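Presented below is the structure to which this report refers.
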Amino acid sequence: MDHFRYIDGALHAEGVPLVALADEVGTPAYVYSTATLSRHYQVFREALQAQGPALGRSLIAFAVKANSNLSVLATLGRLGAGADTVSEGEIRRALAAGIPADRIIFSGVGKTDAELAFALETGVRQINVESGPELERLERIAEAVGIRPDIAIRVNPGVGAGGHAKITTGGGGDKFGVPVEEALSLYARAAANGRVRPVGLACHIGSQILDLAPLRDAFGVLADMTRRLRADVHSVRVLDLGGGLGVPYEPGLTPPDPATYAAMVGKAMAGLDVDTVFEPGRLLVANAGVLLARVIHVNVRPDGRRFLVLDAAMNDLMRPALYDAFHPLLPVTDEGRAEGLYDVVGPVCETGDTFARDRLLPELRAGDLVAFKGAGAYGAAMASEYNSRPLVPEVLVDGDRFAVVRPRPDYAAMLERETVAPWLAD
Ligand code: LLP
């Protein structure tokens, strides 16, 4: 459930009419709803709590990559969320948003020496090690810094899943994690060397997962490995189960609800006596954000094809171009106009800059406002300035108030970041 709804024919984010917001902030703009963020977090939290002791103490570490806006992170952090991070930049963002280091997980296939040293000095809760060479580097750096970090080995369980091949991570041929047998020997090696403290196992098999079966299989692999490691007298006290649960982007799409997911996890973890970590990204933020845009004009071809040209483009919301992703498009003012088919496009000079083909929409005209739903995850976070379009501003709504939490840079600010090489300056 989200808090974007029509009141008297006008689309609102909570108590704020999007028409008024667009007048003040301009378009395109990302708009996030605090009430929706809070609700998604609470629903997930309660679903986990309902499993009682089976999940041990559980941490919800929000996957910062999904939405790294400081106000979004601060909103979730205040509710008790930790952060799953994959770069020094993300760790710094989580800290800046007030998320304490002991709730920060550091994941990622290619952490540099400098990033590992930074994570150690910051005192993050856990580093998820994704390969043998990474373990060696981390051991060397940990010894040099004089800190013995808690680590988990990220397992590649050979079970991939997800809404698109480009976001499937757990398959045997994917670059992520360590295959089972190798993970067991890395765990033993790390324990024997004593420079890091192996506390558990991690996995993340993909994103926008709509079927619990592959997740259940992957968690079964982790449970078996836990038993095998313990049989070799290793301590395993944490299982990090990643993120990946899908969201209903479109009507008719019915991902498992958090309670069903949690019940499956409760069963998979039963009797293991471990603490759990969850790394949801999309689940918490996707439907808590919209991308607000304005129609520049409607270009009608002689054959009748109608291009709805928006002031938002693929650089602002990449998901349709990159993954053929579907995002519902809502008119901001619902006047009950007749419907027709449109190709919804942006101004960027690529055919890939197409949000939707043959989309049934109420009749729209130049100047009308529209909103892409499901844009809170992997929207602003993946935006670029391609075609020298300044980054889209981000706005956080809370009840009747809103704040521009990332302003639109002006052109001067965009150009000031660069210099002309001295030999070209005169
Ligand atoms: N944990 C790890 C280690 C991850 O790599 C990811 C996402 C997550 C957690 C969060 O997954 P989620 O709960 O959001 O599914 N840009 C793509 C999605 C890429 C996901 C990458 N990893 C998209 O727009 O669909």
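Each Cβ is built from the backbone N, Cα and C atoms, and glycine gets one as well.
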Further pyridoxal 5'-phosphate ligand in TrEMBL, beside Gly244, Glu279, Pro280, Gly281, Arg282, within candidate set Tyr378, Tyr386, Tyr411: Tyr378
Sparsest-packed of the listed binding-site residues (Tyr323, Tyr378) - C-beta count within 10 angstroms: Tyr323
Close recorded positions near Gly281 (pyridoxal 5'-phosphate binding site), where close means Cα within 10 Å, chosen from Lys65, Arg319, Tyr323, Cys349, Glu350: Lys65
When distances run from the Cα of Pro280 (pyridoxal 5'-phosphate binding site) to each of the recorded positions Lys65, Arg319, Tyr323, Cys349, the nearest one: Lys65
Under 8 Å by Cβ from Arg282 (pyridoxal 5'-phosphate binding site), same chain, sequence gap 6 or more: Ala63, Ala66, Ser207, Gln208, Gly243, Leu245, Gly246, Val247, Ala377, Tyr378
Rounded inter-Cα distance in Å - Glu350 (substrate binding site), Gly244 (pyridoxal 5'-phosphate binding site): 30
Of the recorded positions listed as Lys65, Gly244, Glu279, Cys349, the one whose CA lies nearest the CA of Arg319 (substrate binding site): Lys65
